[in-house]
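Okay, here's the structure, questions in a sec.
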Amino acid sequence: MIRTSCIVLAAVSAAAASRHESLLRREGRGQLALEADLDAAELPLKNSPVFVLAFCPLILASTAAAGFLQFRKTLVTTAAEISETAQSNDTKRAQYRRSSLKVEEGHIKQSGFRRSRLGTLLNLAFLKALVAQHVLLASLIAVNSLDEWCGTNWRAVLLRPPGAAPMHFTWDATAVAFLIVYFPALALTLSYSLTFQWWQRKFLLPCPLKEAELVRLSVLLDGDIVEDLARVNRSGVPRIYSRGCRYVWKEELGKFVSMQAEKQKSAESLRQRLEEGGLSQQKALERLHFVGPNRIDVPCPGMLEALLSELASYDYLYQLFFLYLWCLVSMFKTSLVWALLFAVSAFVKAQTMRRNQLAMKQAAATDAIPFKVLRDAKQITIQSQDLVPGDVVYLDQSGVSVPADAFVVEGSLLVNDGEVTGESIPIQKLAVSGGVVHAGDDKKHYLFAGTTILQSGESTKAVVVDTGGNTMRGQLMLQALYPKPLYSQFEKDYHKLMALTVGGGMCAGIAIWWLQHWRVVGALSGIFVIFNCFSPLLPVSLVLGQTSSAERLRDKHGVLCVNSSRTAVAGRVDIGLFDKTGTLTQDGLDFVGCYPASRAFAGEPPLDPKNCESLRLVLALAHSLSAMGDRLVGPQVEIQMLQNSSATWSDLDRMSWDDGLAAEVQERFPFNHHTMTQSVVIKTSRSVKMGDAEGQRFGLVKGAPESVARLCGTHPQVLLEAADAWSRRGLYVLLAACKPLADEVTKYSRQELESSGEWQALGLVAFRNNVREESGAVLSELRAADIGAVMVSGDSHQTAAAIAGELGILSKQVLLTKVTGDGVQWVDLATEAQGDPSDDVELVVAGEAWELLKDQEMPWLPKAKVFGRVSPAQKVEIVQAFIRLGHTAMFVGDGGNDSGALRAAHVSLALTEATHESSVIAHFNTTTKTPTAVLHVLREGRAALSNSLSCFFFLFHYGLFMTCTKVLLGMLTERLPVPLAWAAWHIVLVEGLINTSQIYALVQSSGRKELVKEKPPWSLFCAFGMWSIFGPLAVNLVFLYGLTYQLVQQPWYIKWDGVKVGVQPHEMQAQADNYEMETIYFAFCFGVIACGFCNGFGGKFKQPVYENWTAMLALAFFTAVLLAILWTSRNAFCCLFRFNCDQATVLQLHGLWPWLQVGAGDGTSFRGMGPDSGNVLPPAWRMTLTAAAAAALALHCAVRKCIDHFVN
């Protein structure tokens, strides 16, 4: 059978040789040329194996046979499955719908699937075919290399039928055989890469969740549905992992449920757990098995895995087939350079992504710290990873991190929440007292995992609520790892432009093939053109600009970036939303004075607290401060109140004054963001008069004037008017009230204490919040750059409006919201007359008005400049509202209550004095709390986007320029059987050195100091992009085609004819030994250098190019290299690049350095058309090329300046 196959293959090869002979004769070359070809068949790589035609059907037949055998084995098991798939009629579908195929859990839908055996079989057969094709291509290249190294045409011997004479095979026949395998392999590989996800899911069969192998989770995130396919782990309790969350099978619910606990607990149940002696050991082990270890699992692949995953994308698979072509024509140096280019590109991209993941993994990692817990009513020590929800843990160690989210049930402690919430000051955590407590509302009792314990008592205990990825810290980590995807126009256009590029390359390739009269070598030249259109540096060029800007922010400005991709988004920001206190204003407050109810009006000067007995009690006792040594810890407002109360204390719950009055706090309720109040129960040492009441036991409350006023039986209208007047002057105002309490009731809940109707207003307490010195300049520069500024504050909207007016945010007529029984009215800030928000005005919106307006049409929203008295949840809603208007929004805050809004914005900056890049409070975190960081982020964001676009336009221009150059080469050799081609060192210089250096130089440009109104384009199909590509291209084509035209007019010029000098069509190294390639290569390289340099011009978004020393050095260095190649003669340097060399020089150099392979073929050949088979250029022509290069550089600079000035 093998003998028969060989005879058939011999016949096929003879037919190929016969066709080649007829082609040669039609071209007028005759029998002598044919004999020369046949003699050349013994030379290395000239007789590429026709045994392809043997091995191709053999390998494909073996693959088909293996698939058939495997199909027979599984035929019985898949018969029922095939029948089930074919008979999926309405009854079957209805049955699946009635089962638990789609189960909704809150905002999550779950669908169960199992793998199809038929699909698995087809997938395996497809992969085997792909592997077989790639192995075959690699084998052909390896055999060609063996022929070259061994100098033996052993394939002719292998395929010779017994007793027959040795056979000779032409290079054309080999190339045809190679392409027979090449094109199907290319099509199958790219199609499989592009449709991999579809292929994996196509043959999944729906089934009940209980029996599922795979579960599809459809999660609603910020209005977008995100789907994930998770594998079911059935070792032990069935469970799945999706987007970092763990879901466990619940038999009674018939679905997979998240392990995140309810954040709302009753204080009685928490204390009961303590009284019961904690969990039992058995119960704790069951929960540990159910919820998993107390750690945050952050997936971080190894470098090899990340690199392979990146290389598996179609961008790099596309380049792999380019390598096959270079190897086919013995351009191994070029192959090596090309392989290094896309390997480095893939490495940089994979390393960038992995570095972000590694930073998150390191931030999420916690040391195994021993903690004491209460189990079975006994105190034992376990590792922090073994904690489970419900454990009673002892928190008596200072300087360690809280191991899990927990409620304090006994004792108190002082913690630093900065790494989780962004709070810049230590916070005291107290034991739960009564009622229902919630993690969001009762932060005084709730501990976040990852917060540092600064001070704690020996008896402090807490009940664990959540562990691992379900904690607040874990959720922040997962949100940073799996952010809401941003589908920018830039990314969409990238794929469109790439498709157009490849399509254009195909047209050019066909044109070159046609110019070569449909020869095989023309087909290969056309394929080279198609691949040259798409640079291997293109994928990484989009990442380098962002990474470089993130590094500059960190090193120069102290701004740390969590995800470098957000730097490019920052370049498109058109509106900034700012928190007020601690962001635009200083952290501290200055105490102004007290305004008792009896004399509180705008014209009255403030009173000293010593002269107001009732208000001095509020100042001294209505707080939630704690002491850390001699330092008071807590909100600056309360610190200022206590320091101005004239009280002395040794214990913050007991105060005394010089007149003998003493008082103590019996119950304390911290500030609540929903009610905007904070209250205490006090008892004095003697009877005092508070408002109209007299006694020793009182409830005191302070907070937002409108909130406290609602508690009072008699509405304090005068006080509210005074508060409104002082707020309009920019003061921060609190209203205080009291109510007498009976001694019989020993304990109050917050709801009982703060019930309305029995309170009496005592007066106002006013503070001044001074504006930061830098804030005005920052906002002024934003206005000049046409970037909107909106203030979003928890303070009164009148106070916020006054500060906004001082900062220039409000500059026109201002209307405020006023909530009445008829809804929301708009009133003038100055005259209080009703106004129309549709006029040319600016708006100030209060939080209670926002609640009424947010669900309606909001045509007024673009005019809203200030939002006051808004809760943290409302801040998130406001950010999302501006995003829905089409804005690219940036939120700037100081952490804490701004954490939700920071995560909701496209770009967020937290002024939190962060200490490392893995801080997850916001996308950007500052090491110094100053609003000037906003400008740094915006400048570098614009530079990142501009640099990425410059790199992209440069590489895209390079592909088009290369295509046009190849077309020119085809035109010059239109009727010649041997085309012109690049030499190996040509590719090494331009692809390996020039392009790489230009890309690196382009991303070194930092942001321009001034922010302009225009923003970098977000689309690749914009006017700026088209001019940036086709403007330099036009200059380079004029430069290239003009010099080529002048070359052929020179009297010394001899047109190159490869046949006359004995060059074969596939000897690409020798096809550059001519005057044409010298001129064209010099013009091409200098055009690329000039285009890359001019793409680095600063324009409006980055520093001028002369300040980018990397770009200047790259221009100088590569210009010097090209001039050295042009102006030197007959030496190793210029001969490597096929410039100014001849046969004698090559032989001499080969004798000195044979390893250098200066010549073509075996390193001893140079086949020019000039004297001594050389291509030495006359000095006059070298001067012409030098002058033309200088003129081209000047023209490039002029064109770039015009584009930057008139288009961008």
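Yeah, the Cβs are placed from backbone N, Cα and C, and that goes for glycine too.
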From the ranges 497-515, 1181-1199, pick the one that TrEMBL records as transmembrane segment.
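Range annotated as transmembrane segment by TrEMBL: 497-515.
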What range among 121-143, 949-971 does TrEMBL record as transmembrane segment?
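Based on what TrEMBL states, transmembrane segment spans 949-971.
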How does the model score the domain 'P-type ATPase A' (372-477) in terms of mean pLDDT?
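Result for the domain 'P-type ATPase A' (372-477): average pLDDT 81.
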Let's see if you can do this one: DSSP helix, strand and coil counts over the domain 'P-type ATPase A' (372-477), in that order.
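The breakdown for the domain 'P-type ATPase A' (372-477) reads 16 helix, 45 strand, 45 coil.
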At a threshold of under 8 Å on Cβ distances, which of 176-199, 521-544, 983-1003, 1024-1043 pairs most often with the transmembrane segment (497-515)?
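That would be 521-544.
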Are the transmembrane segment (521-544) and the transmembrane segment (1079-1097) close, by which I mean at least 3 Cβ pairs under 8 Å that are 6+ residues apart in sequence?
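In this chain the transmembrane segment (521-544) does not contact the transmembrane segment (1079-1097) - fewer than 3 Cβ pairs sit under 8 Å.
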With a cut-off of 8 Å between Cβ atoms, can you find at least three pairs linking the transmembrane segment (949-971) to the transmembrane segment (176-199)? Only pairs 6 or more residues apart in sequence count.
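Between the transmembrane segment (176-199) and the transmembrane segment (949-971), which are separate recorded stretches, there is no contact, as judged by 3 or more close Cβ pairs.
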Sequence-remote contacts (6 or more beyond its ends) of the transmembrane segment (1024-1043), Cβ cut-off under 8 Å?
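That would be 949-950, 953, 956-957, 960-961, 964-965, 968, 1017, 1079-1080, 1083-1084, 1086-1088, 1090-1091, 1094-1095, 1184-1185, 1188, 1192, 1195-1196, 1199-1200, 1202-1203, 1207-1208.
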